[in-house]
Amino acid sequence: MVRIAINGFGRIGRLVLRIALSRKNIEVVAINDPFITVDYAAYMFKYDSTHGRFDGEVSHDGKSLIIDGKKVLVFQERDPATLPWGAEKIDIAIDSTGIFKELDSAQKHIDAGAKKVVITAPSSTAPMFVVGVNEDKYAGQTIVSNASCTTNCLAPLAKIINNAFGIEEGLMTTVHSITATQKTVDGPSHKDWRGGRTASGNIIPSSTGAAKAVGKVLPELQGKLTGMAFRVPTVDVSVVDLTVKLAKPATYEEIKAVVKKASENELKGVMGYTEDAVVSSDFLGDTHSSIFDAAAGIQLSPQFVKLVSWYDNEFGYSTRVVDLVELVAKN
């Protein structure tokens, strides 16, 4: 049984807890969030505007959450280094704050007594692993990153296409649901002026490092992909539009067949496939990293094609976080 703690009880932290509770080999020992009291943590875990009410009993005793009779300690420390991870025998600390995402800052969990750390954000210093893409390269590193939700959607698709046909170059656009960093009304956003505009009433162009990050988990695609984002007024589920120049000619039917085969074999559970006339809400709660929309893609020529893949940027990503935790625990 691997003992885990969750630092940061936001959108990802709460969903990681939901998913981890369903895994028999994981025990969630503690959560930490300096901005959430234990009674409020119970309320936020029990009710979710996007994913619905938690299917179980949730209460608290003033110090711990009590979920279906199981106690989960709640701390309110700003500095992870002060957390009692050693005393609580924490094997893996999951950092979902979005703050402690580099090796030096995530090291605070190790200093506190945790054996390993999984970061739920892209990192420029910690090695990044995308389940289904490069998890076989994990060699026992102490601190790892699960990359971003968009990289988790894009990388499996890019791997399939590159292995089958070769990618010479490509551009990605993610049409991305609202996240917590955006504004309910126009407000200050000094680094990204557009990002400070009302989330619910605008399509907002934004930057993303998700496509470039694919080169970190698939070195053969280094320098071949870049991309951007449009933030749109939906609460969850996003979609990747990948336009690529192929090295080898292919028909769209051949591309569909290759993706479908991968989704049923080596990437089962990570890559999904659909030919239905779907829309974004059809993927709420979907646990795949990426669901290929066979009916949405288009082809201009045998070597130039646009591919479309959906992802629940909250639930699918959080599922992969827990998968990565299990992988790290085995090594």
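Cβ coordinates come from backbone N, Cα and C, glycine included.
Per Swiss-Prot, the features are:
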type	residues	note
BINDING	Arg11, Ile12, Asp33, Arg78, Asn313	NAD(+) binding site
BINDING	Ser148, Cys149, Thr150, Thr179, Thr208, Gly209, Arg231	D-glyceraldehyde 3-phosphate binding site
ACT_SITE	Cys149	active site, nucleophile
SITE	His176	site 'Activates thiol group during catalysis'
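Asp33 (NAD(+) binding site) sits 27 Å from Arg231 (D-glyceraldehyde 3-phosphate binding site), taking the Cα positions as reference.
Arg231 (D-glyceraldehyde 3-phosphate binding site) has its Cα within 10 Å of the Cα of none of the binding-site residues Arg11, Ile12, Arg78, Asn313. Summary: among the binding-site residues (Arg11, Arg78, Arg231), the fewest other C-beta atoms within 10 A of the C-beta are counted at Arg78. When the neighbouring Cβ atoms lying within 10 Å are counted for each of the binding-site residues (Asp33, Thr150), the highest count belongs to Thr150. Straight-line distance linking the Cα atoms of Arg11 (NAD(+) binding site) and Thr150 (D-glyceraldehyde 3-phosphate binding site), rounded to a whole number, equals 16 Å. The CA atom of Thr208 (D-glyceraldehyde 3-phosphate binding site) is located 28 Å away from the CA atom of Arg78 (NAD(+) binding site). Neighbours of the D-glyceraldehyde 3-phosphate site: apart from Ser148, Cys149, Thr150, Thr179, Thr208, Gly209, Arg231, residues of the same chain with C-beta atoms within 8 angstroms of the site's C-beta centroid are Thr174, His176, Ala210, Ala229, Ser238, Asn313. Rounded to a whole value, the Cα-Cα separation of His176 (site 'Activates thiol group during catalysis') and Asn313 (NAD(+) binding site) is 8 Å.
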